[in-house]
Amino acid sequence: MKKGFIFDLDGVIVDTAKYHYLAWKKLANQLGFEFTEEQNELFKGVSRKRCLEILLEIGKREATQEEFDKWMIDKNVDYLEFIKNMDASEILPDVPKVLAFLKENNIPIALGSASKNAKPILEKVGLLPYFDAIVDGNHVTKAKPDPEVFLLAAKQLDVNADECVVFEDAVAGVQAANAAQMISIGIGDKNVLTEAQFNFNDFTEISTNFIKDLIEK
Ligand code: B16
Ligand code: MG
């Protein structure tokens, strides 16, 4: 049966979390409070809007609608400055190995990310040509754990949802993949991604034989 593979971006293909952190920290500091790397963990896989809501809860700050909108823009302007010089050296280990293996086997590949900056990032690191479909924060109305992003990706690949495999580093992302009836592969701490069907610390632990088995399943 036809298979499709869907990749999350931040934490799976590249580690943009560190740049998101710098941009959110800058905003927090401007608003007069601290924001730690530990708190940044709460932001992984979460939409920009929800991140700002959480940030303001952390800083116990109220915002008018006007301020909220401005801070969303300010954060993104800073984030874009931080990622300006990203290149292929920032691709997480062995991601290209898996993408190339899928391409060699004519398996359709999609991106399923909450980020509205996903496409330019893939372009910067040189991975855009691998992707047959890109579904990101610009295309969905419901955030993970809602399965919308992955269901739309399957549709764009013209593959049944239950024939898709999803790589995710966030709990909400794994839940979204499971809700979409897809095979969920957790990338990161297995004690955190407990709901994933398979767990790996990173792609160096994923063999082409494992991918082949998934394709043939
Ligand atoms: P942007 P993913 C997510 O990416 C990040 O993990 C999350 O921290 C970020 O807030 C979200 O994208 C939105 O990003 O501000 O660029 O639209 O893990 O879903 O690829
Ligand atoms: Mg992620």
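Cβ atoms are placed via backbone N, Cα and C, with glycine included.
Annotations in TrEMBL come from automatic prediction, not curation.
Taken from TrEMBL, the feature active site, nucleophile covers Asp8. Residue density at Asp8 (active site, nucleophile): 28 other Cβ atoms are found within 10 A of its Cβ, drawing on all protein chains shown. Annotation note: Asp8 (active site, nucleophile) sits in a coil segment as assigned by DSSP.
Annotation comment: TrEMBL describes Asp8, Asp10, Glu168, Asp169 as Mg(2+) binding site. There are 24 other Cβ atoms within 10 Å of the Cβ belonging to Asp10 (Mg(2+) binding site).
Marked as substrate binding site by TrEMBL: Asp8, Leu9, Asp10, Trp24, Lys75, Ser113, Ala114, Ser115, Lys116, Asn117, Lys144.
Annotated active site, proton donor/acceptor per TrEMBL: Asp10, in sequence order.
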Binding-site residues Lys75, Ala114, Lys116, Lys144 vs Asp10 (Mg(2+) binding site), shortest C-alpha separation belongs to Ala114
Near ligand 2, which of the recorded positions show up if the criterion is a Cβ under 6 Å from one of its atoms? Options: Asp8, Asp10, Lys75. Asp8, Asp10
Have a look at the binding-site residues (Glu168, Asp169) and report the one with the fewest Cβ neighbours inside 10 Å. Asp169
Glu168 (Mg(2+) binding site) and Lys116 (substrate binding site), distance between Cα atoms, whole Å: 17
